[in-house]
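Engineer: Take a look at the following structure, please.
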Amino acid sequence: MDLLLTNARLVTLQSGEMGYQPSTPMSIGIKAGKIHYLGIDTALAATKQIDLKGKLVTPGLIDCHTHLVYAGNRSNEFEMRLQGVPYQEIARQGGGILSTVYATRQASEAQLLEQTLPRLDGLLASGVTSVEVKSGYGLTLVDEIKMLRVAKSLSQHRLVKVTPTLLAAHALPPEFTGRANDYIEFICQEIIPLVAEEQLATSVDVFCESIGFDLAQTERVYACAVEHGLRIKGHTEQLSNLGGTALTARYQGLSADHIEFLDPAGVEALARSSTVATLLPGAFYFLRETQLPPIELLRQFGVPMAIASDVNPGTSPFCDLTLMMNMACTLFRLTPEEALRGVTQNAAQALGYAESRGQIKTGYEADLAIWQIEHPADLSYQVGTQRLFARVVDGQFEQHKECCDE
């Protein structure tokens with residue numbers, strides 16, 4: 001073994017009720033970055049052995065929807081919204097996404113990296129071991145590529161697995177005002193082929209919304225992405241019901257995200273597919289929305305629900321995934337178990353890693369979060385204390401720098 005962790009109380013999240021209940025003290029043997037052994041043996045030969053002294057171990061948390069890479073600051077919009085100006089009106093006035101686009105275009109890769117790392121550090125401190133990062137604030141070929149390169153480079157600066165997603169269809173850039181179809185063709189003819197060729201992203205996302213792109217434009221991007229061997233994700237049904245979730249499910253998309261205005265037909269479409277419903281409570285909270293996602297209907301149809309931070313400067317400036325777990329429980333009435341599965345097992349499925357991450361299971365990647373807590377429900381219950389002891393990413397152990405337990 002390369003690493004043996006002993007006296008660990010495991011929350012494996014394997015199928016069944018017992019996957020959520022902490023185990024009696026066990027050992028985890030890690031070899032070549034994967035979980036090789038789960039059992040009670042504490043004397044296995046290992047290059048490195050660490051006694052966890054009864055600490056709780058969960059799968060590493062997975063943030064499956066973020067906009068981490070951007071430049072600029074939009075706290076002024078926060079003040080505007082508190083004065084009653086709706087998000088849609090801010091966007092129509094050239095604010096919103098486009099204000100971040102201008103700042104991001106002006107920033108170099110080095111400047112973007114410098115501004116992104118503190119946000120990433122916040123997520124890592126909340127137990128995140130894998131993170132999805134979208135483009136979408138460049139909206140030109142050069143700037144979208146720049147964002148994806150910065151996203152891919154994050155794993156060179158921090159111990160984390162990064163999954164980049166192309167979101168060129170995030171907003172209509174000013175150069176294409178009044179020509180949304182032309183911009184969609186530009187994405188399909190210029191951006192997607194290059195991103196696929198250079199392997200800068202594994203999936204393509206579209207903001208399918210009344211202030212974004214319509215159903216036909218979304219499908220044009222989806223079809224092009226599939227043609228180039230890329231997976232599908234969608235921002236759907238956040239502010240209205242356009243049918244984007246059902247379209248995403250029809251293309252066997254990895255996930256449909258936001259979904260506050262999802263109708264029963266959309267839920268049934270998800271149930272017929274493998275597409276995950278990703279909840280973004282941070283944006284719901286920050287925008288003071290009132291339309292709740294159809295949680296009970298999703299439960300009834302057995303649709304897997306993921307939870308993500310949606311870290312972004314305009315609608316969810318939160319860099320703590322456990323805070324999102326708390327919000328999902330308090331605002332959306334998820335159980336703490338559903339919340340934990342939402343940032344592990346189901347989040348892994350939302351990124352295409354259902355068979356390799358998101359559970360503590362032999363043969364899976366050794367991605368773990370080690371906590372100084374009594375029960376997994378504590379992760380959703382209490383926010384703001386230093387609970388993370390260490391993370392393990394692809395078998396590499398890293399103790400949290402602010403943890404006082406030696």
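Placement of Cβ uses the backbone N, Cα and C atoms for every residue, glycine included.
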Engineer: Going by the 4-imidazolone-5-propanoate site in Swiss-Prot, where Arg74, Tyr137, His170, Thr315 are listed, which of the candidates Gln238, Gln382, Gln386, Gln396 is also part of it?
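Structural biologist: Matched candidate out of Gln238, Gln382, Gln386, Gln396, per Swiss-Prot for 4-imidazolone-5-propanoate with Arg74, Tyr137, His170, Thr315: Gln238.
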Engineer: Among His36, His235, His375, which residue shares the Zn(2+) site with His65, His67, Asp310 according to Swiss-Prot?
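Structural biologist: Given His65, His67, Asp310 bind Zn(2+) in Swiss-Prot, the matching entry from His36, His235, His375 is His235.
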Engineer: Excluding near sequence neighbours, so keeping only residues 6 or more apart in the same chain, what lies with its CB under 8 A of Thr315 (4-imidazolone-5-propanoate binding site)?
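Structural biologist: In sequence order, Tyr87, Gly282, Ala283, Phe286, Leu287 meet the Cβ cut-off.
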Engineer: Sorry to bug you, but what's the C-alpha spacing from His67 (Fe(3+) binding site) to Asn312 (N-formimidoyl-L-glutamate binding site), rounded to the closest Å?
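Structural biologist: Cα-Cα, rounded: 5 Å.
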Engineer: Of the binding-site residues His67, His235, Asp310, which one has its Cα closest to the Cα of Tyr137 (4-imidazolone-5-propanoate binding site)?
Structural biologist: His67
Engineer: Please identify, among the binding-site residues His65, His67, Asp310, Gly314, the one with the smallest Cα-Cα distance to Arg74 (4-imidazolone-5-propanoate binding site).
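Structural biologist: So, of the listed binding-site residues, the one sitting closest to Arg74 (4-imidazolone-5-propanoate binding site) is Gly314.
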